[in-house]
Amino acid sequence: MKELWPMKRKLIDSRLIQNNDVIKVIPGAKVASDGFVIWGQSHVNESMITGGARPVVKRNGDIVIGGTLNGNGVFHVQVTRVGSESALSQIVRLVESAQMAKAPVQKFADSISKYFVPLVIFLSFFTWLARFVAGRINGYPKSWIPSSMDSFQLAFQFGISVIVIACPCALGLAAPTTVMIGIGVGASQGVLIKGGHALESAHKVNCIVFDKTGTLTIGKPLVVDTKLFHNMVLHDFYELVAATEVSPPLFAILLT
């Protein structure tokens, strides 16, 4: 093996990988970075990128994407893109830029907040001043003032109540928060949303056309039907399947 593969091997952090490095991908591990196979063969689950549930065979010269999950084989990859240049990093940047893009409703809320916030502060100050002056000139019964505070504190409480009830922060925070959560939830489900404008316009959609031939799945294979062609109890058949030691890519679903 040393004559066939004379390179030195060592275990390093994935963040230290550089272009043209050769990395070994063991069974069940994630591909550390983008590159192409230079030795070995395996099946790789690329559902995070393509949506297809069926593992893809990777042989010499085939391109692999960082973050995808290796099957039961072993192969070596020569790295071509690392860090921010990788396909996974580009997807992350796309999601982040989409979250930062303002939706039309957010721009509208910002334009209102520009006037609403100063107005609320002015009304709060006016409420405090009016209550404070009224307390000084005995404009309301002394019994209205709790024993634990004076007229100034009571007026201050009314002023703060105006700000709390109006809550100008909610107007400026609600729109961007919903956009970020919506895009984040979509990304976690494999749906990349271009921005707040697309998210806001989604309620107008009445027809969706998918250009995903053969890959519009739940992301993993499932056994949908079982038929025996010989006189065998189904339970005995499953026991024989579980007892086999072969492990093709789709074998694991028979045990679930």
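From the backbone N, Cα and C atoms, a Cβ is placed for every residue, glycine too.
Listed features, source TrEMBL:
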| type | residues | note |
| --- | --- | --- |
| DOMAIN | 11-96 | domain 'P-type ATPase A' |
| TRANSMEM | 115-134 | transmembrane segment |
| TRANSMEM | 154-174 | transmembrane segment |
| request: Using a Cβ cut-off of under 8 Å, list the residues of the same chain at least 6 residues beyond the transmembrane segment (154-174) that approach it. | output: 109-110, 112-113, 116-117, 120-121, 123-125, 127-132, 135, 144-146
| message | Give me the DSSP three-state residue breakdown of the domain 'P-type ATPase A' (11-96), ordered helix, strand, coil. | response | 20 helix, 32 strand, 34 coil
| query | Over the domain 'P-type ATPase A' (11-96), what is the model's average pLDDT? | reply | 85
